[in-house]
Every structure is written in C-alpha cells, then in structure tokens.
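Down below is the structure, laid out as structure tokens.
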Amino acid sequence: SLVSSHKPKIFRSGGLCMLDRMLRVDHAGEYGANRIYAGQMAVLGRSRTGPLIQEMWDQEKKHLEKFNEILAENRVRPTALLPLWNIAGFVLGASSALLGKEGAMACTVAVEESISEHYNSQIRALMEKDPERYTELLQVKFRDDEMEHHDTGLEHDAESIPGYWLLKKRYTTGCKAAIYVSQRV
C-alpha cells in the first residue's frame, strides 16, 4: 500500500481526508483523459493524426490502470460522477476532433495544462505535509507525461485553430470545475 491506513487528523477536511480527495480526483482526471482520447480517436483515428493520439491515449491508459490500483490499495472510492465523465469526456474529445487536428490538439493542450497545474499543486501539498510518508505516491505522479502531451499539442498546431484562446479558456474552465466536484462527490 502506498499509504498506511492510519491518517492523521491534519489531513481531515470537511470529513474527507486530503489524500482521499487527491486520489479520487486524480483517478477521475485519468478516467476523463481516457474518454477524451477515445472520442478523438473515434473521429481522427484513421487520419494521419491517429497514431499520435493513440500514443498519448496509451500512456493515459497506463495512468488510469495505476490509479485504479492505488484506489483499491487505499480503499478510496472513485468519484460518483464517473458516468458523467464517461459521456462528457467522450463528447469533448469527439467534438474537439470534429474541428480537425488543430481542434483536438487545442483540447489536449488545455486539458493537459490543467491537469499538470493540478498535479503541481498536489505535489506541493504533499511535500509541505510529509514528503517522507508520501515518497512512493510522489513518484507515481504522471505530471511529466501530461506536460509532454501538452507540448505535443502545441507542436501539432493547437494554436493555429481560429478562436484558440477562447476554446482553451472554455476547456480549462471545464477542467477546473470537474476537478472541484470530483474531489467532493
């Protein structure tokens, strides 16, 4: 197990342990990312961009698999919103891909940037609380892969889609809302 079953009171917040909230939202994020890439592949899978999207999706599948293990080991239930994230993620991925490769990459940039920022925030919180206790969990973070996906999106013309900044703002706002509610529900 990554964490002992004893959780000090310092981690309690609104009846839900800080670590439980972190693991729940990380799992939800990886689940959502998988559904986004599934939607993108449904639209662009046979295009020249398909192999690139598949490569990023394969990494996300590994992330989700690891968080499934971590949730089970730590007896943390996933968010009750997984059915919603299933649909919303796929629709987001497919609709962004309907805008073409650039639309899919704009979505990837925004989502992966939001996830990376969230992971950075979690890493800071764990380091402030007890870095020795959470050493193994800190090593599990997939922030570097997420930043690589972000950079890949930029390298593949994300910013060239008309209205990029508006799309990016919309996607990042949605991600922040999903993060907020997934921690709590």
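Keep in mind that glycine also has a Cβ here, set from the backbone N, Cα and C atoms.
Some features that TrEMBL has for this protein:
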| type | residues | note |
| --- | --- | --- |
| BINDING | Glu30, Glu60, His63, Glu146 | Fe cation 1 binding site |
| BINDING | Glu60, Glu112, Glu146, His149 | Fe cation 2 binding site |
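Among the listed binding-site residues, namely Glu30, Glu60, Glu146, the Cβ with the most fellow Cβ atoms inside 10 Å is that of Glu146. Cβ proximity to the Fe cation 2 site centre (mean Cβ of Glu60, Glu112, Glu146, His149, cutoff 8 Å) flags the following additional same-chain residues: Ala33, Met56, Gln59, Thr108, Val111, Ile115, Ser116, Phe142, Asp145, Met147, Glu148, His150. Taking Cα separation as the measure, His149 (Fe cation 2 binding site) is nearest to Glu60 of the binding-site residues Glu30, Glu60, His63. Each of the binding-site residues His63, His149 was scored by how many other Cβ atoms lie within 10 Å of its Cβ, and the smallest score goes to His63. Spatially close to Glu112 (Fe cation 2 binding site) yet at least six residues away along the chain are Ala33, Glu146, Met147, His149, His150, Gly153, judged by Cβ distances under 8 angstroms. Residues Gly29, Ala33, Asn34, Gln59, Lys62, Leu64, Ile115, Phe142, Asp145 surround the recorded Fe cation 1 site, their Cβ atoms falling within 8 Å of the Cβ centroid of Glu30, Glu60, His63, Glu146, which are themselves excluded.
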